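Colleague: Grabbed the feature section from TrEMBL, which reads as follows:
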{"type": "COMPBIAS", "residues": "39-48", "note": "compositional bias 'Basic and acidic residues'"}
{"type": "REGION", "residues": "39-70", "note": "region 'Disordered'"}
{"type": "TRANSMEM", "residues": "12-32", "note": "transmembrane segment"}
Amino acid sequence: MGKASGAKQATVVVAALAFGWLAIEIAFKPFLDKLRSSIDKSNPAKDPDDSDKDAAFAAAAAASETTSSV
């Protein structure tokens, strides 16, 4: 079984780290969702009206794309 190259070892390490991160995200998803939403709510710089404007802009852009392609 020969000696593994550095690139192969690095690939295995990166894949293991990605798998570990994914496993933690899946295992603690409910807790992480609550944490992230509470962080969003506690951000004083975030304007709730901005998200409505962004959603309206995205909807208008999508509507204009569908009508212009006809």
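A Cβ is built for glycine as well, from the same backbone N, Cα and C atoms used for every other residue.
Keep in mind that TrEMBL annotations are predicted by a computer and have not been checked by a curator.
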Colleague: Could you pull out which residues elsewhere in the chain have a CB under 8 Å from any CB of the compositional bias 'Basic and acidic residues' (39-48), counting only those six or more residues past its ends?
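Modeller: Distal contacts: none.
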Colleague: For the compositional bias 'Basic and acidic residues' (39-48), what are the DSSP-based totals of helix, strand and coil residues?
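Modeller: Counting residues by DSSP class gives 4 helix, 0 strand, 6 coil.
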